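Feature list (source: TrEMBL):
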type     : residues  : note
TRANSMEM : A:6-27    : transmembrane segment
TRANSMEM : A:39-57   : transmembrane segment
TRANSMEM : A:63-83   : transmembrane segment
TRANSMEM : A:95-117  : transmembrane segment
TRANSMEM : A:137-160 : transmembrane segment
TRANSMEM : A:189-208 : transmembrane segment
TRANSMEM : A:228-249 : transmembrane segment
TRANSMEM : A:256-279 : transmembrane segment
């Protein structure tokens, strides 16, 4: 492998990792607050892909993108209100099963409405413009993804640490009941968390699918699982951790494909997960959780 | 209800079931469709009861069913496909020299399949079960994807025949073979649940800290429950291979796990009879609901929505409704009993009376 191809793969890997990171943040935030593995998050990402296909058919990209972002956020909040809120006091397993149910429903609904055949993802010419650096060439989106990811992560961290709603989120994730007693409106905090998660999933979806060029009803499920692994890898609950985890997965996977082990690239993710759980279960940046009795 | 009447009822129920089975067996050709539904339901029931052992009785959330079933199914298939048929099955690359000579009868192959599944479950369980139970869900889900991608990978063409799948797996000789095996598996799980181990599992489900304080070794019991459950899931996979006759990696997608989860949730977490009931309802329901996939016309009016894929939408909505509104499922954590059945009909009757303006008995 020459230096040029190596750098080329690095670039692709970082770009893929950036999209993973954006989805992983959604997982990590929801898990931090509700202790729920939101299995439907990956499918929300797929729905955002379909939304983009349909809006971009009628509108120019600068109107379509805000519509997709808002639409995904609304769907995310509706899912939370309908499927998770009624189960707030139910056993944790019920909420997890509800999440699986939503995931199944979104997949089947997409299969029913848009058929199982992959649909071409529209090109935004602005994002697909090719840039050339010496021997390296890549589209604009490849450069945009990691930069945008880092900017968004920075904004997220600022929000969590400096703003009032961020403080409320931290309080809820530390102790649910005490936070409620202190007058924090749990429901609005949870909805806000889902809104942010969905927004990032929508942005991730635009960046991811622009490179992949097609969407099918199941194209969200595996990336969704991988992004959860990325979140665990970085330490669940930690936003910078989710970003690092996303980059590790993206780069690792790209290199496995480049070396000809494409069938094992999915397996790699989960082997990484099991190794990580064995060595450092709290993840790279996770806090040590103390069991409360 | 007296014990002798209960025994009488049990004997009557068993003989009715046996009579139906004998009748179906004698008219095999005519009822092949019904027989296949019954066999599939029973096999799913084993997988569901096994899932219930971890998820319902021990409170661990495992989602690796499809993977463990794949291991059982491939083990049984590879060991029971007749030696002379193997060249035809592995027509692309040929079969591994060493493997191609081994042929086992069905039952030992089935046990071996279960054993492999249990060993792999142990390998995942040892690191993961020491942690919070959430990680088990994601690790097992990931594991079942790994198994699927490994089975389908071209590097293993000599062993698993890659993405071409396996064919010519010997089928059941009669309906009694799968039914008897399934009943045996479920019986063993029920005996386990009613043993001291089972009580420890339930204690862990209710409160881990309290259970530990009572001297239950959490890790050991969780691992035992998870491995035994995986053993029977593997056996169910082996039965499924023999039932289907043809398997490939696509058979064991995540959807298979979700199907079994739906059965367990519908039947009630923590109820063996619920899982069996759920398994029959879901498997048969899937067939009955087929009309959702066909265009429907009432008179001249074309009913909207009815087209391919609608059945699965209805199915997933059903799962959501059960989870949100009937979170206990059909049976909750109760088991079937004749008294329960009588009470159910009595309640039905009295409620009707009340609705008709009958005198309520002051409750």
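For all residues, glycine too, the Cβ spot is worked out from N, Cα and C.
These figures come from a predicted structure and were not determined experimentally.
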Stretch-level contact, the transmembrane segment (A:137-160) and the transmembrane segment (A:189-208), CB cutoff 8 A, at least 3 pairs: yes
Same-chain residue ranges lying at least 6 outside the transmembrane segment (A:228-249) that approach it to Cβ under 8 Å: 13-14, 17-25, 27-29, 31-32, 37, 41, 146, 149-150, 153, 156-157, 160, 173, 269-270, 272-273, 276-277, 282-287
Same-chain residue ranges lying at least 6 outside the transmembrane segment (A:39-57) that approach it to Cβ under 8 Å: 23, 26-27, 30, 63-65, 67-68, 71-72, 75-76, 79, 83, 96, 99-100, 102-103, 106-107, 110, 114, 119-122, 124, 197-198, 201-202, 204-206, 208-209, 215, 217-225, 227-228
Candidates A:63-83, A:95-117, A:256-279; stretch with most C-beta pairs under 8 Å toward the transmembrane segment (A:189-208): A:63-83
